[in-house]
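Taken verbatim from TrEMBL:
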type     : residues : note
DOMAIN   : 57-92    : domain 'EF-hand'
DOMAIN   : 93-128   : domain 'EF-hand'
DOMAIN   : 137-172  : domain 'EF-hand'
DOMAIN   : 352-486  : domain 'FAD-binding FR-type'
TRANSMEM : 227-251  : transmembrane segment
TRANSMEM : 271-296  : transmembrane segment
TRANSMEM : 308-326  : transmembrane segment
TRANSMEM : 493-514  : transmembrane segment
Amino acid sequence: MSTRGDPAQPDLESCRGTMSAEEDAKWLQWVTHQFETIAGEDREINLQEFKTALNVKESFFAERFFALFDSDGSGTITLQELLEALTLLIHGNPMDKLKFLFQVYDVDGSGSIDADELRTVLQSCMRESAISLPDEKLDQLTLALFESADKDNNGAITFDELRNELQRFPGVMENLTIRCGSVSSVGTARLGVTLQVLMLRRCLTWLRATWLAQVLPLDQNIQFHQLMGWVVVGLSLVHTVAHVANFALQAQSGASPFRFWELLLTTRPGIGWVRGSASPTGVALLLLLLLMFVCSSSCIRRSGHFEVFYWTHLCYLPMWILLIVHGPSFWKWLLVPGILFFLEKAIGLAVSRMAALCIVEVNLLPSKVTHLLIKRPPLFHYRPGDYLYLNVPTIARYEWHPFTISSAPEQKDTIWLHVRSQGQWTNRLYESFKTSDPVDSKRLSRSLRMRRSQRKPQVSEMSSENHLFCNIKCYIDGPYGTPTRRIFASEHAVLIGAGIGITPFASILQSIMYRHQKRKHICPSCQHSWMDDVQDEDMKLHKVDFIWINRDQRSFEWFVSLLTKLELDQAEETREGPFLELHMYMTSALGKNDMKAIGLQMALDLLAKKEKKDSITGLQTRTQPGRPDWRKVFQKVAAEKKGKVQVFFCGSPALAKVLKGHCEHFSFRFFQENF
């Protein structure tokens, strides 16, 4: 059980093994408090109260645990019964825990588990782990586990047979537990210029290709931009407070013939080099600055209101004009970076508007992800992991939004973008394709395009459902470089994507395998394969580990066909192990050591070995439940000794902080994808 936000709450999942006497006393006190909170005045917990307190998705487990906790069969759980059950599950030896597990599975209490009981439990495990599989697959999973455990083929699994089956899975018996932590109680005049310099994306992209990329912290340009924003706001407030205090003192002492409000808000005192406008322009500058600062906060940008951030950030243009009027020396500091800034903007506008492009195909993917295929311009050259700005006039005429290019540069005909619906613009994009059919009315032309598309030797994420051919005008600005350009200069690269954070790596993985395959040769006589010793001058990679963490099962559908092709492309790589190794994690699935899921995970392991593919994704790589144990992951990477390790991450800032800490511990270089 847990009380969110309680600093004194013990971590029950870390309570396996022996507690000290003091820890045990604290644990006992905490459990007692939680019990009293849930039980109320009658000091007993009934089934409904137990279900409310137990944070599980499937009532089956709540009912089974309740029945086993209620040792006297009274229909309620007392404090003593709760303590006895939790003591067994947390402090008990493996055999005690195994007996409890057997009782959970033995629904009818007959002393053995038949196939139907096992199927019921596995079905509940799937629901609890948010895994959706057809009934036939559930039957296959049930039979795989049942037949493996039922050694005497008598149609039932005994306690000894279950124990023997569990012993085939190392570490399970010792770490068997209930995820107790899931049980919950009731539940921003030079610094301003620097800000713009840090966002000269075209210049930064050019610098990344020079030796300066090794000296200058180009990858932290956004963080520096944000830091400078905070400094500008802070110093502006100090500057303003000093002037306000000075005006107040002048007005109070009579040293000035003007009143306080005249000094602060009018041009009458003649303060400033342009018609005494320093005071009113200063007030206007402060208000604009505070508006930009507030609207650039993460709670605005990441809560579906990106457009608010986008439009208010354009206030830098009137601010520059006001600053030129406000401060006599500002133009000197603005001259060089201002010219660079306007040149970049002018070039970008000219290039992007030179010719309209077309969105030629659209695929609507799970979790409201829109896959766009844009006709690639002849002179559009980019590198894996680069991003661009997209403008779709039919969605919003003046808005440009950044998206990572998810196709490889070697793909000549189209540019892929995967857009997740997280704000107003992205939602409008998705809904515009969902509610209307933009397919051309000319059926013959459409059929011809379909046949040509099918002949292209490309990986396709297309499914017949929600797949649209279209001809929608759009504009792009870019490409712009990111830290992931360093990947090809790595020796051992670890790519970590969380959710839609896979998009830069989709392009990179395709390009890596394309270059890798160019070095591969096969003897026409004996079919022996070997790799050229001479590597691509831009690619020093010896090994790539790709780790993809998704919340749910459907999210894997975004790029599963790409990953399937990557597995097939290196199926014969056996001499030194796979060049590319995939690691898939599904966070909604309960871990292998959780009693509620151990049967399902064992069945999935058994069926994956039998069918040579994972039941959840269809890949050869087995999908692991829960989150990665990063210490073990990086230990394995270090032990492979494939060269200097560089870790590239695209995902949430919270996970980035965790990964950076582990990389520092193992002396790995860490790069984070940012916009």
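Each Cβ is built from the backbone N, Cα and C atoms, and glycine gets one as well.
Here the domain 'EF-hand' (57-92) has, by DSSP, the following mix of helix, strand and coil residues: 24 helix, 2 strand, 10 coil. Listed as Cβ neighbours of the transmembrane segment (271-296) (distance under 8 Å, sequence separation of 6 or more from its ends, same chain) are residues 188, 229, 232-233, 236-237, 240, 243, 263-265, 308-309, 312-313, 315-316, 318-319, 322-323, 325-328. Applying DSSP to the domain 'EF-hand' (93-128) sorts its residues as follows: 26 helix, 1 strand, 9 coil.
Residue counts of the domain 'EF-hand' (137-172) by helix, strand and coil are 22 helix, 1 strand, 13 coil (DSSP-based). Along the domain 'FAD-binding FR-type' (352-486), the predicted structure has mean pLDDT 75.
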